[in-house]
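What follows is a set of notes on a single structure, which appears directly below.
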């Protein structure tokens, strides 16, 4: 009784002394009263570990839970470094992207010129590598969250990428690793000596290493960066919100560099030098990443996350015949002592209440030490709420696949439009058709800093929400921009084709400047800013904390599935309209109906947006913070 009273007293007094939540509005009606303080106090005493003095009725903060598993020297001194760690973490990610994008920006041309592949062979290898690289992050995320942690996954992925780049650079540096040189005229007539099996094997071997590296770096770089911010403070939360915008801004700058400077070096100076520069960037990124090891926060993996998810469904099924208590009295639900890194918002909810039966204690399912006898028959409340988070997120993820359809068209048909337009910018500058996408990158590079530093603070004053708007509102705005992009693209294509048919020359080029494509390229840039950055932030904030790497890998899986969806739509449209005698996507863009195809994508995106709104209205956030 004395122990129980002292626990109550400690919790009561800490409410008036803990400053962490001073600027947060709390809806006290959302709290359940399922905590057995005497039981928790007994467990703390049994483990011989003293909990930090946190606010009453609040779970320990993220820092406190991390500290519980660190040595005393680190527990008493280390706190999340925040922006001090970003030069090393974000620097490593930036140089890795500069390396990978620089290596692959012109890879199609490299395969055709140096390996004498035709367009189909080169595209097959490139698409196969792209598919493997977009799926590899899912495997890397699982390994990270379940076994070795984010830090070592990034390290392994970085060295794997370095090995792949060194092999790729060797193919350009050593003549015996590629077919003998061939003149352009001979290549056009197919008289060049092709590659042998050994040369192709070395090339594919390097691509395999690059895919492994992608699987290690991509899913972990953002979650590892988020771990470096103290999300229990206003400064940490604001820094975390700004990080996502900065991350995408640096990626845009990297793309600008690779599509201009690196491509120029590879085409006009030397393939070996053009590959060696990205390789050296990767090496420098690894060194930079290790420099910051003394200030990083390291989160230990918690075992297989998929097993915990499966246990909830199995336990709920086995107890489907039981009835849930109406009052939720203490002791009826399994709520063991908190593990580290649990979020305070994840209390037992009535949503998907059938899963709550997995935590219902029936008989002797709890050992005297407080742990369950069989995890496949009894799960903790935290496990159940984690699964509910996943079930909540899946519909939003599905809508993002079709939401990326508009972005996929800009890398293919926009270039085809540019080829049939006047590419001159002024009297002496001629813009390469493949470089028109730089307009999108410039728009992103200009808009993102303005959005983060000017627009967001202004919106926060109006809405009192961190970030100015909710995550789903940001994603929804991105979807609207994608619809608008397709409509504008269709109208511009109608004008371009009309101009080409009436006033075009023998080559079919319309007397219309390529700068007419600027509006649709800027709009798709806005769509990327809101959709992609919004989804990255959404997954990292709404996924259960120990599954962040898996959540981040969904972005790359979405890219992959969106590419397949786009290919399927193109194939169906090509076959259906071809049978009707008016092919929308024929080889000659001037006789095609590309504008009709753009309007079709806009219609599909609009239907998808309606489904997104339905899912967004039903979505329940894990937790939200109001600015006082």
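Note: Cβ is positioned from N, Cα and C throughout, glycine not excepted.
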Select from 128-150, 151-173, 220-242 the stretch of residues annotated by TrEMBL as transmembrane segment.
151-173
Look up transmembrane segment in TrEMBL and report which of 93-112, 193-212, 293-312, 313-332 it refers to.
193-212
Where else in the chain does the transmembrane segment (554-576) make close Cβ contacts, counting only residues six or more beyond its ends and a cut-off under 8 Å?
130-131, 133-135, 137-138, 218-219, 397, 400-405, 407-409, 532, 535-536, 539, 583-585, 597, 600-601, 604
Given the transmembrane segment (151-173), which of the listed stretches 271-291, 390-409, 429-450, 512-533, 596-616 has the most Cβ pairs that are under 8 Å apart from it?
271-291
Restricting to the same chain and to residues at least six past its boundaries, which positions have a Cβ under 8 Å from a Cβ of the transmembrane segment (512-533)?
244-245, 247-248, 400, 403-404, 406-407, 410, 414, 417-418, 421-425, 431, 433, 436-437, 439-441, 443-444, 447-448, 451, 474-475, 477-479, 481-482, 484-485, 488-489, 492, 495-496, 499-500, 555
Run the contact check on the transmembrane segment (471-492) against the transmembrane segment (246-265): 3 or more C-beta pairs under 8 Å, excluding pairs closer than 6 in sequence.
no
What parts of the chain pack near the transmembrane segment (193-212), using Cβ distances under 8 Å and only residues at least 6 beyond its ends?
100, 103, 115-117, 125, 129, 132-133, 136, 157, 160-161, 163-165, 167-168, 170-171, 177-180, 182
Positions on the same chain near the transmembrane segment (271-291), where near means CB under 8 A and six or more residues out:
87-89, 91-96, 98-103, 106, 110, 114, 154-155, 158-159, 161-162, 165-166, 168-169, 172-173, 262-263, 265
